[in-house]
Amino acid sequence: MAENECSGNGQNSNRFGWEDYLVFAIVLLISMGIGVFFGCFKNKQKTATEFLMGGRQMNFWTLGASLTLGFTSAIAILGNPVEMYNFGTQYAMGLVAFVFVVPLTAFLYLPTFRGLGITSIYEYLDRRFCNKTRLLMSFFFIIQTLLYLAVVVYAPALALEQVTGLNVLAASAITFAVSLVYSSLGGIRAVVWTDTFQFAVIMSALIAVLILGGIQDGGPAEVWQNAYDSGRIEFFNMNPDPRIRHSFWTTVVGSTCYWVSLNAATQSSVQRLMTAKTNRHALWALILSAMGMMLIACMTFYIGLVAYTHFKDCDPLLNKEVSATDQILPLYVMEIASSLPGLPGLFVAGVFSASLSTVASALNALAASTLKDVLAGGFNFTPTEAKAALVSKALSALYGVLCFALVLLVMQLGGVMQVAISLNGMLAGAALGTFTLGMYVPWCNEKGAIVGSIAGFAVALWLCIGAQVATLTGKLALQRKPVGMQCNCTIIEPNLPDNDLVFDGYRISYLYYAPIAYLVTMVVGVIISGLTGWQKLDKIDPELLSPWITSIFKLPKKGKEHENIDPDSEGDD
């Protein structure tokens with residue numbers, strides 16, 4: 001990073017007014033109020049099933065908003081604009097992935113889960129392979145989620161620090177406190193309904209920033225021209241080199257595998273889809289989620305280009321008005337909205353809402369996985385429904401405290417978006433590979449599943465750690481697009497390292513971590529299964545295989561039928 005000899009002059013002027021604090025506080029209080037309502041006044045919150053699964057009676061529109069918010073964390077709200085500002089529009093081609101993500105999730109994986117009617121998706125691994133596989137993947141999920149939540153909380157803490165001067169750790173504590181109240185008290189129902197409210201807050205904030213930015217920094221034509229002149233407009237870099245951070249192939253292929261992994265192989269998302277009252281509701285929830293995420297992504301991408309137009313002559317990072325690139329957007333909002341009391345507060349409330357949604361749903365999923373997979377599956381813990389509900393609430397609170405401690409680690413890792421995608425990609429990719437082995441490779445045995453998943457995670461982890469170490473030690477650096485420095489400031493240009501000296505594996509695009517983990521898991525799983533003896537088909541319950549596989553191998557179905565997601569099926573309304 002370049003160094004300069006001056007300090008930014010806006011650090012003390014761009015601060016919240018009392019109106020902003022009021023708007024921000026109202027949003028947080030409403031979020032907590034929903035949790036208190038469902039936890040203390042609404043009926044049917046006394047059993048673990050109701051707490052974790054909402055009685056499986058949720059509508060598609062609330063689930064769609066909840067899924068959108070669960071994946072659209074503060075990382076996306078802050079990270080997407082910064083990506084456009086720093087590196088250009090190639091990353092936006094990842095939106096093409098959603099054309100494939102919805103059908104792949106809805107028709108290849110979800111029918112098996114919904115047909116089994118399970119609470120934790122890792123129960124499936126116990127039935128298909130063995131309890132060790134279940135415990136291993138549960139452990140992977142818990143580690144992944146804890147680290148990811150720390151990143152998710154760190155992002156809005158940066159934003160609040162920029163506009164209030166509040167310490168990052170104090171801001172993180174606020175996020176966890178609010179999330180714990182409504183997730184621990186209200187369960188999955190509170191999470192889903194709070195997500196719906198917070199979706200409205202986020203959309204209101206983004207629309208307000210778009211309108212105000214368009215008025216102050218020119219219309220789409222001027223924004224596009226400025227981005228084009230600076231080399232930021234790029235959509236079809238067709239170079240297949242996997243070392244290119246963002247190309248057409250890395251964004252489309254990598255994002256497809258990444259999002260299918262998150263939708264079909266993580267407890268937090270599948271748990272939401274399992275709460276749908278019918279198959280049709282589950283399918284439409286996925287469709288609405290994809291549409292909502294694409295809409296929010298497009299809005300944040302454009303805001304990033306508008307922010308570049310605003311700062312094109314004086315980059316706030318080089319001018320030391322911000323200490324991290326993820327603070328550029330909050331600074332931009334404060335500068336354009338300082339004359340409109342309450343709007344900066346609404347924007348930061350939107351950022352916090354995105355974080356709160358992700359944290360709350362993940363804490364609920366962590367509680368579900370720990371209760372069902374670790375305590376019940378590993379230690380034969382079989383409490384009454386009432387006691388299980390209390391244990392679930394206690395686990396949510398415990399994980400919230402643990403995640404807060406991990407924020408200290410995340411503060412050292414750099415840009416939040418790339419770190420978050422890397423962490424998720426490694427473990428979710430290996431998980432998707434394991435579930436694919438179970439559903440689509442009927443001759444895969446438990447040894448293949450265990451060794452394959454460990455190998456997939458280990459290879460991706462090795463590449464990720466190598467890249468992080470090379471970056472932190474200054475051996476690997478990202479080249480930003482040109483930025484202007486016509487303000488009164490002396491800049492010392494940095495000496496960028498020669499990336500060619502770094503091992504090629506550490507230079508592989510972080511978007512490929514999920515596909516790499518997935519492919520290694522699949523290949524190693526099949527090889528180990530062959531070496532140790534194929535699983536006999538007559539020993540497998542066909543309900544544990546994909547309906548597609550049972551049809552191909554003509555295996556007889558046992559027990560209840562798979563609940564295939566068919567939008568035209570009867571009785572779904």
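Positions of Cβ are set from backbone N, Cα and C atoms, glycine also.
Copied over from TrEMBL, here are the features:
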type	residues	note
TRANSMEM	21-40	transmembrane segment
TRANSMEM	60-79	transmembrane segment
TRANSMEM	91-110	transmembrane segment
TRANSMEM	135-157	transmembrane segment
TRANSMEM	163-185	transmembrane segment
TRANSMEM	197-215	transmembrane segment
TRANSMEM	244-262	transmembrane segment
TRANSMEM	283-308	transmembrane segment
TRANSMEM	346-367	transmembrane segment
TRANSMEM	388-413	transmembrane segment
TRANSMEM	419-441	transmembrane segment
TRANSMEM	510-531	transmembrane segment
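The transmembrane segment (60-79) makes contact with the transmembrane segment (346-367), as judged by at least three Cβ pairs under 8 Å among residues 6 or more apart in sequence.
Contact between the transmembrane segment (163-185) and the transmembrane segment (388-413) is supported by 3 or more Cβ pairs under 8 Å, counting only residues 6 or more apart in sequence. Tallying C-beta pairs under 8 angstroms between the transmembrane segment (244-262) and each of 91-110, 346-367, 388-413 places 91-110 first.
Tertiary neighbourhood of the transmembrane segment (197-215): same-chain residues 27, 30-31, 34, 65, 68-69, 72, 77, 292, 296, 299-300, 302-303, 306-307, 310, 332-333, 336-337, 340, 343, 346-347, 349-351, 353-354, 356-357, selected by CB-CB distance under 8 Å and a gap of 6+ residues from either end. Within its own chain, the transmembrane segment (510-531) is flanked in space by residues 94, 242, 245-246, 250-251, 253-255, 257-258, 261, 418, 421-422, 424-430, 432-434, 436-437, 441, 443-445, 447-449, 451-453, 455-457, 459-460, 463-464, 467, which lie at least six positions past its ends and keep a Cβ under 8 Å from the stretch. Listed as Cβ neighbours of the transmembrane segment (135-157) (distance under 8 Å, sequence separation of 6 or more from its ends, same chain) are residues 73-75, 77-79, 120, 122, 125, 168-169, 171-172, 175-176, 266-268, 326, 348, 351-352, 354-355, 358-359, 362-363, 365-366, 369-370, 373-374, 377-378, 399, 402-404, 406-407, 409-411, 413, 416, 419-420, 423-424, 426-428, 430-431, 434, 450, 453-454, 457.
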